[in-house]
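Comments concern the structure below.
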């Protein structure tokens, strides 16, 4: 009982700064989604079921442009892909979880959840109590901020006046730039950008996303030098 | 446009797939060929940069400058302040450009 209480206390202590950092993203997404034409129900279903801010931005952007469904899914997969690494790493700290607990844990495996568990498990084993207390707080903060953004965002009026319409491309640019320490980053980036632009002007949208992406991925695979050059996964 | 709820549902399914997939792969296989791993590691860089590239070239100069600026800001600040400063700069540049 004392153990359980301590786990909950630890989780609440660790989650507080994270929940307050997540809230603004969620509020901005809520406001933007409504501004771009999503209904309130669609927005809440999106945030409650996908629960991944970058993927939701991509989906929103492409869905409202009327891009084909498979292109949307490919782009969402791309933005989300780092979660495969988190999920693989979670093998080390989810061993106390039963099958149903694991199934729920994967749904809640967002960036801060991963980062916190990765740091904590070297000192203390991750218990379901700790994990789900932390996760529930993040999820609740996320949904409330989302709703508040949707309700009060429209009061701002036309968002392009403030330059908010470029938030999505800027957000993606920062995500890409964050990977600059990865092996052969500049080679992959140059190939993807060059092929994307070429395809964009020759074939048009949305082929530049798929073909540009595929060219970059093939470049990375071709340049890989084998197990000795393998990078160390996060943390 | 496809039914928005179908799109949302499939995106949610896909997201759950990647969040559980790594764990399942590690449990059943352990390792993958280094070229496949390098390719998988490159997915976010390759696809996201392909997604953004046309925006930098086809919009006006304020947009192009803002994209470069936000990357430089991210060297010093975390995501949210970087975006806030870049949006502010973009609004000012648009005033100057007269659009």
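Cβ coordinates are placed from backbone N, Cα and C, and glycine is handled just like the others.
TrEMBL does not curate its annotations; it predicts them automatically.
Long-range contacts of the transmembrane segment (A:12-34) within the same chain, counting only residues at least 6 positions beyond its ends with a Cβ under 8 Å from a Cβ of the stretch, are 40, 42-43, 46-47, 53, 56-57, 60, 112, 116, 120, 133-134, 137-138, 141-154, 156, 159, 164, 167. Taken from TrEMBL, the feature transmembrane segment covers A:12-34 (among others).
TrEMBL lists A:67-85 (among others) with the feature transmembrane segment. Long-range neighbours of the transmembrane segment (A:67-85) within the same chain, counting only residues 6 or more positions beyond its ends whose Cβ lies under 8 Å from a Cβ of the stretch, are 52, 54-55, 57-59, 109, 172, 175, 205-206, 209-210, 213, 233-234.
Annotation comment: TrEMBL describes A:131-155 (among others) as transmembrane segment.
Tertiary neighbourhood of the transmembrane segment (A:162-179): same-chain residues 28, 32, 35, 54, 57-58, 60-61, 79, 156, 185, 189, selected by CB-CB distance under 8 Å and a gap of 6+ residues from either end. Residues or ranges marked as transmembrane segment in TrEMBL: A:162-179 (among others).
For A:185-203 (among others), the entry in TrEMBL reads transmembrane segment.
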